[in-house]
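According to TrEMBL, the domain 'Inhibitor I9' annotation covers 34-105. Marked as domain 'Peptidase S8/S53' by TrEMBL: 132-613. The annotation active site, charge relay system is assigned in TrEMBL to Asp140, His220, Ser555. If you look up TrEMBL, you'll see 379-465 marked as domain 'PA'. As annotated by TrEMBL, domain 'Subtilisin-like protease fibronectin type-III' applies to 669-767.
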Amino acid sequence: MELHLVLVLLLLAAAAHPIAFANAGAAGNATTTTYIVFMDPARLPAAGHAAHLQSLAIDPDRHLLYSYSAAAHGFAAALLPHHLPLLRASPGVLQVVPDEVFDLHTTRTPEFLGLLSPAYQPAIHGFEAATHDVVIGVLDTGVWPESPSFAGGDLPPPPARWKGVCEAGVDFSPSVCGRKLVGARSFSRGLRAANGGGGGGARAGVGRKGFVSARDRDGHGTHTATTAAGAVVANASLLGYATGTARGMAPGARVAAYKVCWPEGCLGSDILAGIDAAVADGVGVLSLSLGGGSAPYFRDTVAVGAFGAAAAGVFVACSAGNSGPSGATVANSAPWVATVGAGTLDRDFPAYVTLPTGARLAGVSLYAGPSPSPRPAMLPLVYGGGGDNASRLCLSGTLDPAAVRGKIVLCDRGVNARVEKGAVVKAAGGAGMVLANTAASGEELVADSHLLPAVAVGKLAGDKIREYASRRAAGGAGAPMAMLSFGGTVLGVQPSPVVAAFSSRGPNTVVPEILKPDMIGPGVNILAGWSGVAGPTGLVKDGRRTHFNIISGTSMSCPHISGVAALLKAAHPEWSPAAIKSALMTTAYTVDNTNSSLRDAAGGLLATPFAFGAGHVDPQKALSPGLLYDISTKDYVSFLCSLNYTTPHIQVITKMSNITCPRKFRPGDLNYPSFSVVFKKKSKHVMRFRREVTNVGPAMSVYNVKVSGPASVSVKVTPAKLVFNKVGQKQRYYVTFASTVDASNAKPDFGWISWMSSQHVVRSPIAYTWKI
């Protein structure tokens, strides 16, 4: 629960388990629950969804929340119990599902990604004007339009095909939009219905000031939007940290903000409305730094909406989630979505904890206020300043002011938010804080702009400090002491990138034959724009204000990929969303800046494709991938058929009236840029898959295959050579995987298939798992 934006426990639990909110208000004292109703497109009533409800004696003015048409076919409504059998028996209704709560998955990155390298600049300038025609839609907490990152500069007018609008609302005038921020809308009917506001469409009452407005009072939405496509801003920093020029991944692209997340959470009905509007408005890329639990795709609101967007040619990037390092935690696992994990940058904010023993233990901090003493000095150190284990976590109300006043307090990481721990220590009179990782976070260091002097340290350093504090306190050899000091901003940190411990991991629990996440991008200590009414900690008591903030999460890595996708879309407008994702995946790298394999921050060991997918995104190489794995809507239908979904379930996702399933198709047969081979008892441990690649490199190209991997699986690729004579030519190849080990003793393992020419390496990761 250390997301930058922490939801209440009820909402976090709801994200993992779809729930319906009961409320009174739509019909006297009767209880209504919000549902999303999916319709067969062939049976859509000519008069619309309101007429359909009226035909069932359901008052649309009182119950209808949204009608969907661009990304999905159906509507959302706050319904009474007796409405459900009427709807489910109604011709044309495919599925009725309860609304669901999702949660947010909470600058040097252009340089780190190579976007500013001399070798890359000519390529960028060649299509910079084309990025002006790409609009990135960001579904999040809204936007702070006055941020300098939304300055329009010399941008031309928005593309003629753009149909988006800037909606007037509380503290939000349409005039705040311009040539950079070209759209801003808010969606809260689902949330208001869940909170007791009933239906009533746009005429429903507002629960609090600012509800019907796209203005970002949190900061998360502004941060993600400016990460993706913020304008160039000189002398940007967070209170002096990370000083430099801030810019988004695609500074020439446009931004449209769709506010679907509120302090109480992000409702599926509102998210689907946002996706639906974004597709109708004409976005080219969608960025969603939010997610829920694992569910079949026909019950996953984001998956359904994303399919409609992808079918319309929109690239959709979603965060993988912040539930790592535990396995099988990845969210947003649909194959038509780019699922993004998080890695570190080569920039750090060093800080130190010095003990009287002479030990100087390194950590990180973004503290920018006065020191606990006029000059660095030893102060008393206390661990468990409340007499119980809860006080070691520095939970609210657990610290005894008499025990911690004027002292540095050692707090274990976990349970409550990192910045909240600092606020708890300050409220109790503490002079400073050391925030020490436990095994769950390992050596991952995430910097925060605490309200008091504070240093975050990894588990190893934390264990040394814990042992020192406990030994001195128990031995009566005098009070334990410590000194905090701060080192500013440091560049060129090695090793980097490292997979963030919080980044959610595979395997994919919805469809194990699809490897997720797809890739990782920068997601730790990211500088980007911020709201003008929120402090850098996001805490109510934080009165500081800044144009930029540094936060972490897969929420931050997702918009990096969205921005890079906008660059690729501008450079290659003929590429499909699947082709863009293929280019990003097959050119990703898996070595750090010391030329060693990527490591996992959780334990310092080598990371695997369950953590980083195909690897860390490389925008330069993605511009020219050589070969592409493309996927059509028909291919996705075959994939859905292979999951044994019913025809109505497939229609919910695809919006198609007529579904024809092939006789032979397995989930692993989808033309995906990666492989997830699941050996099952019935398969006799031999699996054979087909792939098709499209030549987008030189017309005359020859590729030879290279296979690497464990001894536990033999791999045969046929043919071993692919010869292309023209651009756009397609070639098929087949891969046979044969397990050579006893399944009862086998553990997940990994390998690679690489197609190599004189100019390109097209690489696909392979994950092997055994199910008895």
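Residue 1 is the first one shown; counting continues down the chain.
Keep in mind that glycine also has a Cβ here, set from the backbone N, Cα and C atoms.
Note that TrEMBL annotation is computational and uncurated.
Distance noted between the C-alpha atoms of Ser555 (active site, charge relay system) and His220 (active site, charge relay system) is 8 Å. When Cβ atoms from all protein chains are considered, those within 10 Å of Ser555 (active site, charge relay system) total 33, not counting its own.
Between the alpha carbons (Cα) of His220 (active site, charge relay system) and Asp140 (active site, charge relay system) lies a span of roughly 7 Å. Within the same chain, residues at least six positions away from Asp140 (active site, charge relay system) with a Cβ under 8 Å of its Cβ are Leu104, Asp216, His220, Gly221, Thr224, Ala225, Ala257, Tyr258, Lys259, Val260, Cys261, Ser287, Leu288, Ser289, Leu290. Taking DSSP states H, G and I as helix and E and B as strand, the domain 'Inhibitor I9' (34-105) has 20 helix, 27 strand, 25 coil.
Counting Cβ atoms from all protein chains shown, His220 (active site, charge relay system) has 29 others lying within 10 Å of its own Cβ. Here the domain 'PA' (379-465) is broken down by DSSP into helix, strand and coil counts: 25 helix, 21 strand, 41 coil.
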